[in-house]
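As recorded in TrEMBL:
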SIGNAL    1-22  signal peptide
DOMAIN    36-351  domain 'Glycoside hydrolase 35 catalytic'
ACT_SITE  E183  active site, proton donor
ACT_SITE  E263  active site, nucleophile
DOMAIN    398-509  domain 'Beta-galactosidase 1-like first all-beta'
DOMAIN    537-598  domain 'Beta-galactosidase galactose-binding'
Amino acid sequence: MSLLRFGSKLLLLLLLFGQTLGAPRSFSVDYQNDCFRRDGQEFRYISGSIHYSRIPRVYWKDRLLKMYMAGLNAIQTYIPWNYHEESPGQYNFGGDRDVEYFLKLAQDIGLVVILRPGPYICGEWDMGGLPAWLLNKKDIVLRSSDSDYIAAVDKWMGKLLPMMKPYLYQNGGPIITVQVENEYGSYFACDYNYMRHLSKLFRSHLGEEVVLFTTDGAGLSYLKCGSIQGLYATVDFGPGGNVTAAFAAQRHTEPHGPLVNSEFYTGWLDHWGERHSVVSSAIVAKSLNEILAVGANVNLYMFIGGTNFGYWNGANAPYSPQPTSYDYDAPLTEAGDLTEKYFAIREVIQMYHKIPEGPIPPTTPKYAYGTVGMKKLQTISDALETLSFSGPVKSMYPQTFIELNQAFGYVLYRTTLPVNCSTPTPLSSPLNGVRDRAYVSVDGVAMGILERNKAITVNVTGKAGSQVEILVENMGRINYGKNINDLKGLVSNLTLGKDMLTGWTMYSLSIDEAVSQGLLGETKTTDPPQPAALSLPAFYEGSFIIPGGIPALPQDTYIQLPKWRKGQVWINGFNLGRYWPTRGPQVTLFVPANILSTAAPNNVTVLELEEAPCSSGPCSVEFTSTPILNATVQSNYIQHRHRQAMRQWEVKAND
């Protein structure tokens, strides 16, 4: 080879290498060829939804690896505003809320990211991710051009989006597209100025190059209000529908560009008192194949659901709260276990994309730690000084949670009987103002339960001046539709017979703090005799030691509460969420191994709201290795079908 030819080839290699090093990363919509382009090459994503807010940080890598090994090349995630700014101006991005670490993990594994930062996300999450403190402005119109709402959104996005900008694909990160709002076409406001404001806001923080998009139902009525110029319109729909008709709706709004189903439903959500949702693997696989066969991009919602730990579950209207488990009948279970559906989806994907080589991370082991004896501590009333750090608030009329600066959990309301009630007298919420469930007692004797939309009257007895206590539980804010301004507490007056009850003393309860700090003690008083099948809301405690000599402990487990009725569970101060086996379908609560200790006893704290099985002897809880999410539901519970479900399972072909 001549020196000249060698030099020419060397120069060419250097030029090509230099171009590769210096070539800017890019991700864009190609309207001429109806596709996405990544670094100039045609790109189609097959994505799965995973919510970091529903999975402990220690398990993010395991779940992401399983998604990658299923053949996904992308993930999609929400950023719940209220998860990071529970109080105005107080931001939390640490621990399980470290979204930047989550994005880095995804990129390290080889996944690109579709980011959905809201400000509203729905997602069966409390208030659709909007912080409850927004409701301090009584007339605020959420998800609109309302000046108070816009001011709060601008401030939040001014914090969040600059954090996200370094993670955009063109800046070397994994984020290829960013969604603006969420299914806005399903909201009553239809405020184009609001959507235009968000579009400008996102552009001002993220730049002109990032692909911004919207997601709406696959019908023209949804796309009409949900899409605006400058935001790429995508649709969502589930299996079993008409794929051609669904994408025809997108094509009406976006004549050119890639076909995108941003939420292809692998399962469905649950509500307390409704049967556990199950969607067959065969139906999901068949529809996924149809979507991929037309060259569309798709996101599988959910690929793993996870858990609504604490108080984060949402609700639908007519009021129907979602349970603690967000299993969703997804390809990966709530605990991240591999399922038949996982492998059915993987088989479809490998018809279109190369599946990564190597072993799939195995299902994490579970351990049945057995039965744990429980002893009674204090009732809510006994522990009031410990639970109410801020002390009482007095008012002529009852105040809401927001007026009491309480976002989640429980508030105790006290008043007195104005007259003798020697015979049962109706204590009522005539305007259905109990949000959401209230446990009523008089002079320490349980009288009954008031429940939103279901039980508005309890008969009480007592003497004039007797103390009335009403413990009100926030069971989760509505996350979808026009009723997301969901105030909690006693939101209207109560009556005794025909008389209005006045002169209220209210206690905001900081139960999580009291439990985590070990402030609850054993009761020093004896409760009055209680009626059958009802007792005062009270705390119970037990502990267990993880056995030695067994490798790989601690392991994940599930807690179930045989014969307990309804309440909340903490382990080592971590709020696992709500249990309600008497209503179903969920019976067990997922206990991730990371909250357990091998070095010390593990403390179990239960707040039982209705009746503990301890009145006739010792009671216990049980740790098992098998989840129960599909128990028979209470038959007299009125089932409510999520309005959104009907439009997401049935494609509006005739819109």
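The backbone N, Cα and C atoms fix where each Cβ goes, glycine too.
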E183 (active site, proton donor): secondary structure state under DSSP, collapsed to three categories: coil
Pairwise CA distance, E183 (active site, proton donor) versus the residue listed as 'active site, nucleophile', rounded so that it is a whole Å: 11
Number of other Cβ atoms within 10 Å of the Cβ of E263 (active site, nucleophile) across all protein chains: 25
DSSP residue counts for the domain 'Beta-galactosidase 1-like first all-beta' (398-509), split into helix, strand and coil: 0 helix, 57 strand, 55 coil
DSSP-derived structure type at E263 (active site, nucleophile), helix or strand or else coil: strand
